[in-house]
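**Student:** Got these off TrEMBL a minute ago, pasting:
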- 634-644: compositional bias 'Low complexity' (COMPBIAS)
- 654-666: compositional bias 'Polar residues' (COMPBIAS)
- 37-62: region 'Disordered' (REGION)
- 605-666: region 'Disordered' (REGION)
- 123-140: transmembrane segment (TRANSMEM)
- 160-178: transmembrane segment (TRANSMEM)
- 190-212: transmembrane segment (TRANSMEM)
- 224-240: transmembrane segment (TRANSMEM)
- 247-268: transmembrane segment (TRANSMEM)
- 280-299: transmembrane segment (TRANSMEM)
- 320-341: transmembrane segment (TRANSMEM)
- 382-400: transmembrane segment (TRANSMEM)
- 421-440: transmembrane segment (TRANSMEM)
- 446-469: transmembrane segment (TRANSMEM)
- 476-498: transmembrane segment (TRANSMEM)
- 562-581: transmembrane segment (TRANSMEM)
Amino acid sequence: MEAVIPATGLLSLPSNPQTRAFRTISNPRTCFPSASIRAHTSAPSSDGLRWRERNPSFSQPRTPLDAQRSLLYNLSRGSWRKGESFPVCGAGASAITADGGGFVEEKPKPKFLGIEVKTLKKIIPLGLMFFCILFNYTILRDTKDVLVVTTKGSSAEIIPFLKTWVNLPMAVGFMLLYTKLSNVLSKEALFYTVIFPFIAFFGAFAFVMYPLRDAIHPTGLADKLLAALGPSFLGPVAILRIWSFCLFYVMAELWGSVVISVLFWGFANQITTVEEAKEFYPLFGLGANVALIFSGRTVKYFSNLRKYLGPGVDGWAISLKGMMSIVVLLGLVICALYWGVNTFVLNDPSLPRSQRKKKEKPKLSMKESLKLLLSSRYVRDLATLVVAYGISINLVEVTWKSKLKAQFPSPNEYSSFMGDFSTATGIATFTMMLLGRVILRKFGWGVAAMVTPTVLLFTGVGFFSLILFGEPLAPLLGKLGMTPLLAAVYVGALQNIFSKSSKYSLFDPCKEMAYIPLDEDMKVKSKAAIDVVCNPLGKSGGALIQQFMILTFGSLANSTPYLGGILLVIVLSWIGAARSLDSQFSPLAKQELAKEKLLKEKVKEPVVKPSQENNEGLVEEEVATKENGSLLGSSASENSTNESALKEMLAPESKSSSENPTPHDH
């Protein structure tokens, strides 16, 4: 039965409401033109003329609030009637010329490939910047391992000591310096102040420091220390022996954390809107893997230059100069793109700006973080996933690089293999990012979260089995043209490739989705606790375990059986935590989806059809009602990508349960 609203002083609603976006009044003169302008459109009624004579101030500019009040007041009194001209309020409808001579239709915004040109002016330079930064990072990441692993007097055993006692303190010191500089420099000056030292160092290293390595490295002092301390301290002594190479290692690591995370993403978040970020940030992730593929081919090309050089020529020095020249050139391109965006794009007043406010994150102490982690089983399982991944990757990667040096002792051969490794990682990650959405939607959160530890488990067992029990398999592997060492290198490479690709495509999205069903207070506190405790513990835990094993058993090779056992225990704990978290996450996720559906039903406005006799003297209006309601409009625009993935993942389950309803159907 249709309800009827009394007509006295109220605006009537049509029986069939149509969707129409509501626009606020941007200019009173546009919505309330003067009498001279109104004469061009229609002949007003005598009541309207008499009303304007009594109210001469109507044609004067007013604030939007006053204009809206006047309109509603006259509508309620019946002063505006059907035969009278009624101006359309909205910026998209029409505009008045400067001389007030009439209405001019607003021109459509230019687009290219369905995207507004003014948006492309920001996104294309950002995409090119991201490509150049990731291209450089891949070259630097492959080169740093070659320098510290293949150099005489050093080995892969240096990596855990280098990460703990050199990389971590320098990262902390750099961030303290960055914080100080951010308080005294402008954003542009801060960007250049941070990135130019990186560019200058990498250029100086290839053309100055590396050619003078024999003069600046204290080889004699390092030999004396190693003789006094014993072979167990090969890693710590090597940091002193090749200090310039270690400095390159740290600067390459900082390029990834500072230039990518701080400079680029800070700049991107500053100039993009939320809608642009949702649409284009995933494309940046795909572009990063394209950069990985091309940079891997570049490393491969320069590493193979040794084949075309004569005897007695330092082929690695030539390759290093070529790769660092590209790094310097692309670094300058990054600066030029940054300057161009700030000079020519951000000064455009028509460009949409980011209106996002920085969210206040709770700062939990170490004690508070540990208390929260121990009090909640859900958060405890989530923390186990993060810590287990960090430790597992470190345990496998360092052991694999030690075998990689044994197979490829030459810097050029080692670097050439790393170039192929980077290309394969880029291709695998690109493919997995495309498949990750399908896996989440078809198989659910539990299966997606189990992929990464399962891959690590099977490849880890194969890798350590080839190292520990490779000799009995030598005849079989010989028929395939491989030695047990080469087979272990290939299996370790596959382990690193697939574990990293599944991490980016499945592990990270699953980890972020796990926060969604939590209430707001627990969500922010648990994320802060994991950032404070679990991320550092995962990154440094593997390095600390390896240091203890090396100092206890004398070398990394002697520690391999124990490292394999530790890896097995950690991965099995990871799988158990993933299953436990899935048993808690899935019901909470379904409850979250049910709450959203219930909220949508509550927000829907009932449509009321007024009687025909009560419509006399009033303007018939079309009322816009969206499915989610206008009250949810602003919040819906800020939903995260992970929440959308959660809905898509649960959609098939909801559909099937609706077809076969049960007492527990949500």
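In case you wondered, yes, glycine gets a Cβ from its N, Cα and C as well.
Describe the structural surroundings of these features, if you would.
**Tutor:** Beyond the transmembrane segment (160-178), the same-chain residues lying 6 or more positions past its ends with a Cβ under 8 Å from any Cβ of the stretch are 148, 190, 194, 235-236, 239, 246, 249-250, 253-254, 257-258, 262, 394, 398, 539-540, 542-544, 546-547, 550.
Nonlocal intrachain contacts for the transmembrane segment (224-240), taken as residues 6+ away from its ends with a CB within less than 8 angstroms of a stretch CB, comprise 148, 151, 153-155, 157-162, 165-166, 218, 246, 547, 550-551, 554-555.
Among residues of the same chain six or more beyond the transmembrane segment (280-299), those with a C-beta under 8 A of the stretch's C-beta atoms are 123, 126-127, 130-132, 134-136, 138-139, 142-143, 268, 272, 323, 326, 415-416, 418-427, 429-430, 433, 504, 641.
Sequence-remote contacts of a segment are chain residues at least 6 beyond its ends whose Cβ falls under 8 Å from one of its Cβ atoms, and for the transmembrane segment (320-341) they are 122, 125-126, 128-129, 132-133, 135-136, 139-140, 143, 188, 191-192, 195-196, 198-199, 202-203, 205-207, 210, 267, 271, 298-299, 302, 305.
Only residues 6 or more beyond the boundaries of the transmembrane segment (382-400), in the same chain, are considered here, and those with a CB under 8 A from a CB of the stretch are 156-157, 159-160, 373, 449, 452-453, 456, 460, 463-464, 467, 489, 492-493, 495-496, 499-500, 503, 507, 511, 514-515, 526, 529-530, 533-535, 537-539, 541-543, 545-546, 556, 560, 563, 566-567, 570-571, 573-574, 577-578, 581.
Here the transmembrane segment (421-440) has Cβ contacts under 8 Å with residues 138, 141-142, 285-286, 289-293, 295-297, 299-300, 447-448, 451, 493, 496-498, 500-502, 504-506, 509-510, 645, 648-649 of the same chain, all six or more residues outside its ends.
When Cβ-Cβ distances below 8 Å are used as the criterion, the transmembrane segment (562-581) is approached by residues 377-378, 381-382, 384-385, 388-389, 391-392, 395-396, 399, 446, 449-450, 453-454, 456-457, 460-461, 464, 467-468, 514, 545-546, 549, 553 of the same chain, each at least six residues removed from its ends.
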**Student:** Can you work out which residues elsewhere in the same chain, 6+ from the ends of the transmembrane segment (446-469), have a Cβ less than 8 Å from its Cβ atoms?
**Tutor:** 385, 388-389, 392, 396, 399-400, 403, 436, 439-440, 484, 487-488, 491-492, 494-495, 498-499, 502-503, 506-507, 509-510, 560-561, 563-564, 567-568, 571-572, 574-575, 578-579, 581-582, 585-586
**Student:** Do any residues of this chain, six or more beyond the ends of the transmembrane segment (190-212), have a C-beta under 8 angstroms from a C-beta of it, and if so which?
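**Tutor:** Cβ under 8 Å, 6 or more out: 140, 178, 181-182, 244, 248, 251, 254-255, 258-259, 262-263, 267, 317, 320-321, 323-325, 327-328, 331-332, 334-335, 338.
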**Student:** Take the transmembrane segment (123-140) and find every residue of the same chain, 6 or more past its ends, with a Cβ under 8 Å from one of its Cβ atoms.
**Tutor:** 115, 202, 251-252, 255-256, 259-260, 264, 267-268, 271-272, 276, 280, 283-284, 287-288, 290-292, 294-296, 298-299, 323, 326-327, 330-331, 333-334, 337-338, 340-341, 345, 422
